[in-house]
Structures are given as C-alpha cells and as structure tokens.
Amino acid sequence: MAVTECEWASLGSRIGLRAALVLLSGSLLVVLFPLSGLEHQYRTALNILLQCNLWGGDDRHTFTGQTRGLAVASTAIELLVLKQKPTSDVKFEAKAALNQALEMKRQGKKEKAHKLLHHALKMDPDHVDALNELGILLEEEKDIIQADYLYSKALTISPHNEKALINRDRTLPLVEEIDQRYFSLIDSKVKKLMSIPKGNPALRRVMEESYYHHIYHTVAIEGNTLSLSEIRHIIETRYAVPGKSLEEQNEVIGMHAAMKYVNATLVSRIGSVTIDNILEIHRRILGYVDPVEAGRFRRNQVFVGHHIPPHPRDVEKLMQEFVQWLNSEEAMSLHPVEFAALAHYKLVYIHPFVDGNGRTSRLLMNLILMQAGYPPITVRKEQRSEYYHVLEIANEGDVRPFIRFIAKCTESTLDLLLIATAEHPVGLPEPNHGFSECKQTITIKT
C-alpha cells in the first residue's frame, strides 16, 4: 500500500520532563519529573529517593525483552513501585470479604459475589485467592480474557500457586485463539482497504485529514491547547497563531517534520532500522522545542510515574539490543500489529531520551505498520487514560492488554477509513470531549 505524507492517523502521548530540586542527605540533586504526571507522582518519586539508594550499586535488572507471542507475559521488567502494603486489619477484612463472596456464590447470588470479590481486591490487590476466585467467576460469565489476566496477575505474585497454574492452563489456549481471530479480522479489513484504488478521491481526502488529526491528538494528549484548525494553519502557512504559546506551536512543527521524515525516508526504504534512524526521528520531534537534547540519549535518571527506567549508562547498550531485536527473525515473524505494539512498548520502557519518548515510540510503531501495508493508526486523546493504564499493566508483567489496545486502535482506524470511502462517506469525527472511542465495526463479507 503506497503511503503519502497524509497517510497518518491520530495518536499521541508524550512523557515530558521538568527539573525539580530535591535535598537529599545534605546534597542538592537534580531530578527530572514527567511533565504529564500528576502531583502524587512527584511525591512518589521523592519518597523513592528518600527510601532507597537509587544511584548506588550494580544490582539492577535490565530489560532484555524476549517476548514471544501475544499470550506470553513480558519478563525482566525493572519496576520500582511505591505501594502501601495493607495492614493486618485490612488483610483480615479482605479475607472476610472473600469468604462472604464464596458463600454468596454457593447460594447462587453471583452479582453479590462479584461485588464482594472486587471489594476484597480493593482492600488487598495482591490477594491471590481473590484473584483466582474472581477469575473463575468471570470465566463463568464468558469473560475469558479478563479471567486469564487475573490468573496471570496471581502467578506474577505467586509463581507456583497451583490453582492459578491450573486456571491459566485452562484459559491460555482459549485466549490465544481469541487473539488470533481478532488479528484475522483486522487483516481482512486491511485487505478490503487495500482493494480501494490509490487515486480514490474519498480515500485521499480522509488520509489528508487524518494527518492533521494525528498531530492534533498527539499534542493535545500532552496538554497542548491548539485547536485542529490552528494546527492546520501552522502547518500550511508556517505562520504563528497570535496569542498562543510558541512552545506549543513548535511542538506541532516538530511533529510535522518527524512525520515527513518517516514517511518520505523510512517507509519505502529496504533495509534494517538503525539507532541513527531512531535518533533522527527524535531530533525532528524535539528539535524546535529543545535542540540541545534533540537526537541524543539522556544522561540523567528519569521517573515515569511509578516506573523507573534503566540507568542512563545502560541506555546505549539497551538500544543496541532493541535494534537487534527489531531486525530479528523473531520480531519479523510476529503479526504486524503485535510487532508494532511490542516495538512501541520496548522503546518507551527503555525511555532513552529526556523528552519525546512516547512520540518517538508511536512514530516507530506506525513505521512498522506502514511497512507491513497497514495504515498508521489513530489513538485519540480521549483514550489517554486507557493508553497509560495498559502501559502500566505491561510494566507489571503482562504486555498483552497493551497489544490488544493497539489492535483495537488499528481496527478503529481501519473502520474510519472504510466508512469514509463507502458509498455514502462521512468525514473523520471532529475533536470533542464527549467522544470516547470508535466502537462501530464493519462486517467483512468473505
């Protein structure tokens, strides 16, 4: 599928960083915090510094990222989460709620049992028995994917738990089959889209519109206040919008430059993806906002919510391993959506840059999709919470929900393109706060 500059979809997220000064052990340290983080994340990172020797020692895990297939949880995750462990009284309450839930289930009152199990896990999120019992209840309700997720979480907490192992062995093949069927559905929609002539006027219009929507949602997720029409004005005229932040407008110009580079230079190129390619993408993304840091690896430790990315001295080695994986037969053998999602996650996990990691990861993801004949995908700003939630789940050890999220976004993008090129086409939905996600799907006749 030939790709023009306009064949971009909307997606966006960035994890930016701001300097904050922290007094620790009589020394003044500079610590970088996420721009998009909430106030409690600042406090969390500060507490981590006060409670552990973050800078000392070599006893650290580094991400080797050997994930194989959608149904396999990611391993070797370097995650430092400051969780308040439940007190003995809270654990007792969770146990009591679990016992009461089992009694309600025995009496056939499944709705009450469901609520009690949720209450038990709210009290004690790592209660393995409650995770197992809620999973069994969800299995009975035919929610196999969520049940399998709960069993996987139980095994993350207690790897040798016999009940969780038995439950997971039962759901795993079913989940694999569900995932593969969904990939097949996406493939059928890609095939239908590719059957539309390249010169189709409706397709050209919607691709052009999706280009601007991509930039709009990418920067809006980060708090950028520019409207879709203002972004179009900046890109088309290169003139500033009066009364708007120049930094916000430079973010738009940087995204435009990076997308043009990927589309014109990398999509149709034959050969391996290199570290230099990734650095060039980042140099354009950040070049108009922070030219000093643009296109080079970070030299400071950073915090991303509860996640502590690898130490800066490990970044270059991890990036070499990442690029080696990108070009490996193992990665190439994956379904394109799974490959693209894993590439996104692995890069954003390493977090090699001071800023712009999310945007770089998403552009790399779309590069992989386009090279496989898929359209670049749309993730709207209204999906921001879900997007970060599944990334957090991946950091906890299960990358499958993130892959499914990317698959859902891929299908939504395909649906929009197919709807727009139907007999009675409609345009892309206008940005608004009430739009959550595109839930409509198109039945493919075989």
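Heads up, the Cβ atoms here are built off N, Cα and C, so glycines get one too.
The motif 'Inhibitory (S/T)XXXE(G/N) motif' annotation in Swiss-Prot falls on one of the ranges 164-169, 218-223, 368-373, namely 218-223. The transmembrane segment annotation in Swiss-Prot falls on one of the ranges 19-39, 334-354, namely 19-39. Here the repeat 'TPR 2' (128-161) has Cβ contacts under 8 Å with residues 73, 94, 97-98, 101-102, 105, 110, 113-114, 117-118, 120-121, 167-168, 170-172, 174-175, 178, 396-398, 400-401, 404 of the same chain, all six or more residues outside its ends. Separation of the C-alpha atoms of Glu222 (site 'Important for autoinhibition of adenylyltransferase activity') and Gly356 (ATP binding site): 11 Å, rounded to the nearest whole number. In this structure, the CA atom of Arg362 (ATP binding site) is 13 Å away from the CA atom of His351 (active site).
For Gly358 (ATP binding site) paired with His351 (active site), the C-alpha to C-alpha distance reads 8 Å. In the three-state DSSP classification, His307 (ATP binding site) falls within a strand. Calculated from their C-alpha atoms, the gap between Gly305 (ATP binding site) and His351 (active site) amounts to 12 Å.
Mean pLDDT for the repeat 'TPR 1' (94-127) in the predicted structure: 93.
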